[in-house]
Amino acid sequence: MFFGVVKGAPERWRLVKAHGTAVGLPSDDDMGNSEVGHNALGAGRIYAQGAKLVDIALETGKIYEWEGFKFDQLQLLLKGVSEHGAKRIRVHILTDGRDVLDGSSVGFVESLENDLAKLCEKGIGAKIASGGGRMYVTMDRYENDWDVVKRGWDAQVLGEAPHKFKSALEAVKKLRESPGANDQFLPPFVIVDDNGKAVGPIVDGDAVVTFNFRADRMVMLAKALDYDKFDKFDSVRYPKIRYAGMLQYDGELKLPSHYLVSPPEIERTSGEYLVHNASDVISICPGFANSETVKFGHVTFFWNGNRSECFYPDMEEYVEIPSDIGISFNAKPKMKALEIAEKARDAILSRKFGQVIHRASYVSNLPNGDMVGHTGDVQATIVACQAADEAVKMILDAIEQVGGIYVATADHGNAEDMVKRNKKGEPLLDKDGNVQILTSHTLQPVPIAIGGPGLAPGVRFRQDLTGAGLANVAATLMNLHGFEAPSDYEPTLIEVADE
């Protein structure tokens, strides 16, 4: 949402959580993202997301009912293999050592090989086919280093790697013996048969599932597997496969186009509530939503509970401003902030929405701090945040003119801290003594501010909700519209002072 909020009086400014359990992720070590953030903002409740959603789908068996799993031959999940008919399975592993203890790969691989051996006893040809460390093979992010993905592609698709072994357990143990070796950076390896032939390269007709739930380190591989005209590196061979992700890793890019676990089923969002509580006498509606392409789906699809269409087309308008293409975001860090603000300003001043008593919602997303922050270009990010500040000022000026109320917040952290830090909060340095740049989202809470001439006297943020998160914003918006929120929504952030 809005970046660049200036800290003010505590009754009109506070912080809310935008990561981890506050947005439905498994733990507070999980950074938030735009999809789960906007889901929470619009839904007013916390829905299972990411790994938590996958766990539930596996436990209930619902994963086998969704469309992605019904693709021909797409029966590669180990749970359910026996009853769903797959006869040949190859697992391409990546060792961690980053979110779990270094060296734990040995135990994980041994356990997996035992599980695959049990499937073999049932007549299913199940083997580990390749592997490598997550930071060196396959799992790069934000298009930082396509060579990482290429090393994985060579092993997984071409069956080629500098190291060849008869078993994955042997591979991990042997490679870890090298000086300085660790799970994160194990080199790529392939498993070969007695004739030295790779046992499991991906070939035409295969069904491929990337079973990672976390999006940021799967997007690049998903592009390589899903895009017909992929050109980031020489693929050598591009097999005709049926590919699905465990989840959809990028909602805006619709990537991958097929996935096993559908987004959470969200109903009775705040937007829907406002529409259905409108009357013939008083026009109250969600009204207007806009952003540029890279975040347009967030203020529409994700805000509305993973729904693309308007709830009431006659009362709503969604405006998408085309994002720049073919360049990195730090090349034009102002992005479309000015255009977004101009469209929002014009919509507000037109009084087109909520014409009877001028009570309507205008939702805009300024993506500069996030998209430019991901590039790691600090100077460009400063320019991006300045542009967002100017855009916010334009919108707030329009709200002032019509006597409205504003709520300014963010869907997750990013640009507020662009330095990698140790557990003490101290900057990490590279081998040359330079500060390491952070390009990911952060675990920091985000600001939320309320104000405007239409805000009733005495309205202030409550002091008793110390653990509030993005999901508390929906009830707050409803209250500002004059409604009580549904009882199952997260509590409102505001109250009216006794005086």
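Even glycines carry a Cβ here, placed using N, Cα and C.
Where the annotation comes from TrEMBL, it is an automatic prediction and has not been curated.
Mean pLDDT for the domain 'Metalloenzyme' (16-484) in the predicted structure: 87. The domain 'Metalloenzyme' feature in TrEMBL is assigned to 16-484.
Annotated Mn(2+) 2 binding site per TrEMBL: Ser34, Asp411, His412, in sequence order. A 10 Å cutoff on Cβ-Cβ distances gives His412 (Mn(2+) 2 binding site) a total of 24 other Cβ atoms nearby, all chains included.
Around the Cβ of Ser34 (Mn(2+) 2 binding site), 26 further Cβ atoms fall within 10 Å across all displayed protein chains. For Ser34, the entry in TrEMBL reads active site, phosphoserine intermediate.
Taken from TrEMBL, the feature domain 'BPG-independent PGAM N-terminal' covers 72-250.
The Cβ neighbour count for Asp370 (Mn(2+) 1 binding site), using a 10 Å radius over every protein chain in view, is 25. Per TrEMBL, the feature Mn(2+) 1 binding site maps to Asp370, His374, His441.
If you take the Cα of His412 (Mn(2+) 2 binding site) and the Cα of His441 (Mn(2+) 1 binding site), they are about 7 angstrom apart, rounded to a whole number. Taking CA atoms as the reference points, His441 (Mn(2+) 1 binding site) and Ser34 (Mn(2+) 2 binding site) are 10 Å apart. The Cβ centroid of Ser34, Asp411, His412 marks the Mn(2+) 2 site; residues of that chain outside this set whose Cβ lies within 8 Å of it are Ala18, Gly32, Asn33, Glu35, Val36, Gly37, His38, His298, Asp370, Ala410, His441, given in sequence order. Residues Asp370, His374, His441 make up the record's Mn(2+) 1 site, and a Cβ search at 8 Å around their centroid adds Ser34, Gly369, Met371, Gly373, His412, Asn414, Ala415, Thr439, Ser440 from the same chain. For the pair formed by Ser34 (Mn(2+) 2 binding site) and His374 (Mn(2+) 1 binding site), distance between Cα atoms is given as 13 Å, rounded to the nearest Å. Counting in whole angstrom, Asp370 (Mn(2+) 1 binding site) lies 10 from Asp411 (Mn(2+) 2 binding site) by their C-alpha atoms.
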